[in-house]
Amino acid sequence: MASMCTFSSPFLLCNSSISRTNIVACNKQTSTLQAQVKNVATIETTNRRSANYAPSLWSYDFVQSLSSKYKGDNYMARSRALKGVVRTMILEANGIENPLSLLNLVDDLQRLGISYHFLDEISNVLEKIYLNFYKSPEKWTNMDLNLRSLGFRLLRQHGYHIPQEIFKDFIDVNGNFKGDIISMLNLYEASYHSVEEESILDDAREFTTKYLKETLENIEDQNIALFISHALVFPLHWMVPRVETSWFIEVYPKKVGMNPTVLEFAKLDFNILQAVHQEDMKKASRWWKETCWEKFGFARDRLVENFMWTVAENYLPHFQTGRGVLTKVNAMITTIDDVYDVYGTLPELELFTNIVNSWDINAIDELPDYLKICFLACYNATNELSYNTLTNKGFFVHPYLKKAWQDLCNSYIIEAKWFNDGYTPTFNEFIENAYMSIGIAPIIRHAYLLTLTSVTEEALQHIERAESMIRNACLIVRLTNDMGTSSDELERGDIPKSIQCYMHESGATEMEARAYIKQFIVETWKKLNKERQEIGSEFPQEFVDCVINLPRMGHFMYTDGDKHGKPDMFKPYVFSLFVNPI
C-alpha cells in the first residue's frame, strides 16, 4: 500500500493542520496494515455474517497478460484513413432529398460506437433535418411512420423537443397504430424517450410491445427477427452503449443498406479502443493488488466488474485518467458496501461512520484493522484526486469529494441500524435512503469533476441544478439492483429491499410487487428523460452521458440476475469487450 500513502502525502503537505511527522506516521501505519490484511480473518473472534461471495474469475496474472496488436501504427493509420472516408460520406449525404437514409446512417454510427468521431458533422446534419422536417406540424404531412419514429428518437436524444403529437395521424379509431414491421420497431424504440404525461407514447409502447412479440412468433425474415428479439430484451435507450456496439457490429452485415466501409471502420475502432481499455484495466489491477483488498475474504473481489462500470460510463479513448479514478471509486464502494451489509458489527460501523464524518486521520486508532484499511484507502484516494485537481486545474475540491463519501456512509449506517433493529421501512422511506446507498451518487460526483474543463466554485455549486437528475439515475440503478439481487441478499441476511418493503406495506404478492417496481422504473425514466431535455445543455455532454449510462448499466447488470455478484454471468462480456478482438 506504499503507493497509496504516496497519493496522500502531497495533499497532506498542503494542509497546515497536519504535520510532516503525522504524514510519516500515516505512511508507516498504512504499510503495516497492508501486511495485516491477510490475517484479519484469522485473528477475528467476533461472530460475523458471511455472504459466501464467489471468488473472482480474473486473476492478476490474467489481467496483466492481456495484449493487442491493434496498438500498432499501421492500424492507427488505417483508422485515420477510414475516418476520413466516413466523414466525407456524411458531408456528401443529402438529408433534404433523403432524410431517412441520413437518419439511418446517424443511427448506425451511434450503434456501431463511432459517432464520437463525427460529433460536429452529426450535429449539423440533425439541425438541418430538424429545421426542414420536424420543427412544426405542417412539415410532418408527407412523412410516414418510420421516418417520424426514427427522427423523433434521434432528435429527442440530441436535445430537440419533438412533441408526441407527431404520431397521432397513425392511430386508428380503435387506438391501434398503423405501419409496417420496421415502423413498429422504430416506434417502439422511440416510445422509450417519453416524459411524464405523454399518453400517446405510453400507448405506443404498449401497442408495439404486444405487436412485436406476436410478430416474432410468426416472422419469416430471421434478420428482422434478430433485431426485434434484441429490442424486446433491451430497448436501445436502456442499453449500455459499449455492449450495444459489440452486438451491433456482429449483426450490422445483416442489415439492409449496410456499408462495408463503415463496418470496417467500426471493427477497427472497436479493437483499437479494446487495446486502450486493456491498458486501463491492467493499471487498475496493479492498484487493486497493491491495496490487498482482494484478500478481504468477506467482500466481493470484483475489480474487472467495477472496471466495466467505468467503461459503461465513458468508453472514449481520452477518458483514461477518468476511468482510472472511477474504477478505484467503484471498487472501494463495493468493498465498503459489503462491510456495512455483511461483515461489520453495528458499534464498529457507527464508529467508522463518525470518523468518516469527521475525516480525522488521527481517530482511526479506535477502528479495527480492516476498517482502518477501508478509511485510509478512501482518505488517500480523495487526497490524490484533490491534489491532482489543485495542481492541474487550480482549485481545491477536497470538501466536495469528502462529502460524497460522507453522504454514502451516512446512508449505509441507516440501513445497518434497520437490520440491527429488525425494522422494515415503508417503500417511500426505503427509496429516500436507498437511492444514495446504491453507491451511484459518489460515482457521478467524481465523474462531474473529471469532465469539467475548468473547475470553479460556481461549477461545483452548479451540480445542485442536476440533483433531481442524479437522484433519478441513482434510483433506477437501485430498483434494477433490487429486481435482480433481493432474493440472494435476503438469503444472506440483508435488510428488506424495495420489493419486500412494498409487499409489507401494501399486502401485495411478490409478483404484484415486482410489477409495481417495474412500472416505477418506467416512470422514473420519464422523469430522467425530461430532466435531460431541460437542463442537459447546461452541463458537459460527457457528464450527462455518464448520468444516463449508469441506469443503463443497472439494467444490464441486474436483468435476469446479478452479473456484478455472480462472475459466471458476466464472463462472456469480459471476453467480448476486453479480451477477444472482433
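Backbone N, Cα and C atoms are what each Cβ position is placed from, and that goes for glycine too.
Here's what Swiss-Prot has on this protein:
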BINDING   Arg300, Asp337, Asp341, Arg478, Asn481  (2E)-geranyl diphosphate binding site
BINDING   Asp337, Asp341  Mg(2+) 2 binding site
BINDING   Asn481, Thr485, Glu489  Mg(2+) 3 binding site
TRANSIT   1-87  transit peptide
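Shown in sequence order, Ile438, Gly554, Met557, Tyr558 are the residues of the chain, 6+ apart in sequence, with a C-beta less than 8 angstroms from the C-beta of Asn481 ((2E)-geranyl diphosphate binding site). Cα of Arg300 ((2E)-geranyl diphosphate binding site) to Cα of Thr485 (Mg(2+) 3 binding site): a span of 14 Å. Counted over all residue pairs in Arg300, Asp337, Asp341, Arg478, Asn481, the record's binders of (2E)-geranyl diphosphate, the longest Cα to Cα distance measures 18 angstrom.
Shown are the binding-site residues Arg300, Arg478; the one with the most C-beta atoms within 10 angstroms of its own C-beta is Arg478. Neighbour counts of Cβ atoms within 10 Å were compared across the binding-site residues Asp337, Asp341; the minimum falls on Asp337. Distance noted between the C-alpha atoms of Arg478 ((2E)-geranyl diphosphate binding site) and Thr485 (Mg(2+) 3 binding site) is 10 Å. For the pair formed by Asp341 ((2E)-geranyl diphosphate binding site) and Thr485 (Mg(2+) 3 binding site), distance between Cα atoms is given as 13 Å, rounded to the nearest Å. Under the DSSP three-state reduction, Asp341 ((2E)-geranyl diphosphate binding site) is assigned to helix. For Thr485 (Mg(2+) 3 binding site), the same-chain residues lying six or more positions away in sequence with a CB closer than 8 A to its CB are Lys497, Tyr558, Asp562, Gly565. DSSP assigns Asn481 ((2E)-geranyl diphosphate binding site) to a helix in the three-state reduction.
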